[in-house]
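Chemist: I am attaching a structure below and will ask some questions about it afterwards.
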Amino acid sequence: MKHFAKLLAGAAALGLMAGTASADDMRIALVVKALGIGFFEAAAKGAEEAAGELGDVEIIYTGPTDTTAEGQIEVINSLIAQRVDAIAISANDTDALVPTLKKAMQRGITVISWDSGVAPEGRQMHLNPSSNPLIGNMIIKLAADNLPEGGDVAVLSATTTSTNQNIWIDEMKKVMGDYPGINLVATVYGDDLADKSYREAQGLMQSYPDLDAIIAPTSVGIVAAAQAVADAGKVGEVNVTGLGLPSEMAGAIESGASKSFAIWNPIDLGYAATMIAYNLAKGEAEAEPGAAIGMGRLGEVTLDDTNSGAMADPFVYDSSNIDEFKSIF
Amino acid sequence: MSILKHRETLLVAVIAALLALIASRFPGFVTPRNLAAVFTDTAPLMILALGQMAVILTRCIDLSVAANLALTGMTVALLNTVAPDLPVVVTLVLAIGLGAVMGAVNGILVWKLEIPSIVVTLGTMTIFRGIIFLISDGQWVNAHEMSAGFTGFPRIEILGLPVLAWIAILAIAVMALVMSRTVLGRAIFAAGSNPHAAAYTGIDVGRTQFAAFVISGALAGLTGYLWIARYAVAYVDIAGGFELDVVAACVIGGISIAGGVGTVAGAVLGALFLGVIKNALPVVDVSPFWQLAISGAAILIAVAFNARAGRRQGRVILKSAEQAA
């Protein structure tokens, strides 16, 4: 397996060298967790879009055949040997890749991480798909946008101790004032179990007959709640929204139980990572706390103390774009 | 026998009291429509508890039921994505068959290799979950990938009750017949209450245990399809930890972990007791932080009660068995 992977990486490297368009082009490597994953294929599409806009950029889309840190290290080593200009990586391991990426930076290669980060010493900056305040705002906005007259909403979370869920719900509560007329009537916990989430959603509809929306910022919860709403015959009365994946939510959008939901857009993510890598490699921006780096059509990203930044609001999916994305991730 | 009866009436009384208590806080809970919904929601637990009962009666335990359910569910879900037009009857037969095969694996290991069942099923539980990961590649099978007939079948209403509830009723009826009217049913009781005596009367204890595991597996497989269709999603962790609910339902229903003592009605009532609590907690506005503690306390109280009553029951059972013989 190891040898096979090496061979494959070698072959890929050869193929890429042969495909080099012109010597002056900047070569940006988009390294993903593993090849053949829809999410990353979409990110590569975004990277190509950025390359098309920039003109003098060649994208090298690569990654191991399985999601291992060892596989990524081999890939990075071959990229160093090819002397690429920049590496933008979604890492399989926070720490294991640091020595190899340090080596790359010592050779003058720009290194950034995106989606899944590496430790600060192993990269110049990290691009998060979104941030907690943006997510908190988005989930309540999704519910409020469909309730122009105001209404009652409830949150269906995962477990009571789930850190990111609690942070998002807290951020959501902070901005509730921006959405007058929207009342948060309850927060319940489905423990990320399909059956418990389903039951909790049923309970919400019984306890609050006037409920207008269920916000589930968890992928198991949002699917279960949508099913419960459809089974209760309350499609159109209760809108299920929150964070979910297009492939998992396609059925709920189709049935009408969910009007819209949000999650990162992998195309934008690949686009932004490429733009940032380009700007850093060109020296048009410096990766330091407080710096603002351009991301083309997506505006700018501002870096925090750990040199990481948030790309944008989560991307909204609804009946108009679900078919395009449901096969991607 | 009279004390056994008393045990079930006690459970009925407890469930009735529980319903009254819930109704005082949320009257809508005891409408016939909602009670039917609670019964339907509890159907998977009841079906699994029936299988678990057969296994526990033979002094074994089957911890792999939830994993069996998940693996069967994932298999039929994947099959449905490939062959969406497969009739539901075929899916049902496949699910029951596949579940029975997995139950047979447990049974063979317990019977032929004489490994304690708790170890066997702990192992197969992990193996089954691993296999789900292998066949699904960790991916979900989602609602839009399943055919309408596949997810719709348990929801079809007949005489006001969904098919899911009718299947549970059918399973209860069949198991009640098997346990009380067949040689196998009597062998299961005999093998559990006194294996040595059972062996002297010509009952193959190991084979009886094997049969109990096959029953448990088949019912778990059946539930696997029903579960996936009900929640319209299949992934690796589906019904994670549900085996403990199943064992709890049996224990609450008065089925002795030491084997040989228990009834179909007990298993069903035990499952219903848990089902009522599970469905009531979300509507009675109890803090989620207390919900787990309340569920746990209810189980503990029931089990403590069980242990006290169980000691007396044991003597009575033996006497009645002697009289019968």
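From the backbone N, Cα and C atoms, a Cβ is placed for every residue, glycine too.
Residues or ranges marked as transmembrane segment by TrEMBL: B:35-58, B:65-83, B:89-111, B:118-136, B:156-178, B:183-203, B:209-232, B:244-277, B:289-309.
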Chemist: Please work out whether the transmembrane segment (B:118-136) lies in contact with the transmembrane segment (B:65-83), by counting C-beta pairs under 8 angstroms that are 6 or more apart in sequence and asking whether there are at least 3.
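Modeler: They do touch: at least three Cβ pairs between the two stretches lie under 8 Å.
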Chemist: Determine which residues of the chain contact the transmembrane segment (B:209-232) at the Cβ level, with the cut-off under 8 Å and only residues 6 or more beyond its ends counted.
Modeler: 43-44, 47-48, 50-52, 54-55, 57-60, 62, 64-66, 68-77, 91-92, 95-104, 106-108, 110-111, 117, 141-143, 146, 150-155, 164, 167, 171, 178, 184, 187-188, 191, 238-239
Chemist: Do any residues of this chain, six or more beyond the ends of the transmembrane segment (B:65-83), have a C-beta under 8 angstroms from a C-beta of it, and if so which?
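Modeler: Sequence-distant neighbours of the transmembrane segment (B:65-83): 44, 48, 51-52, 91, 94-95, 98-99, 102-103, 124-126, 128-129, 131-132, 135-136, 141, 145-147, 150, 216-217, 220-221, 223-225, 227-228, 234-243, 246.
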Chemist: Out of B:156-178, B:183-203, B:244-277, which stretch touches the transmembrane segment (B:35-58) the most, going by CB pairs under 8 Å?
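Modeler: Highest pair count goes to B:244-277.
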Chemist: What same-chain residues lie close to the transmembrane segment (B:89-111): Cβ under 8 Å, and 6 or more beyond its ends?
Modeler: 51, 60, 62, 64, 68-69, 71-73, 75-76, 79-80, 117, 120-121, 124, 128, 150, 206-207, 209-222, 224-225
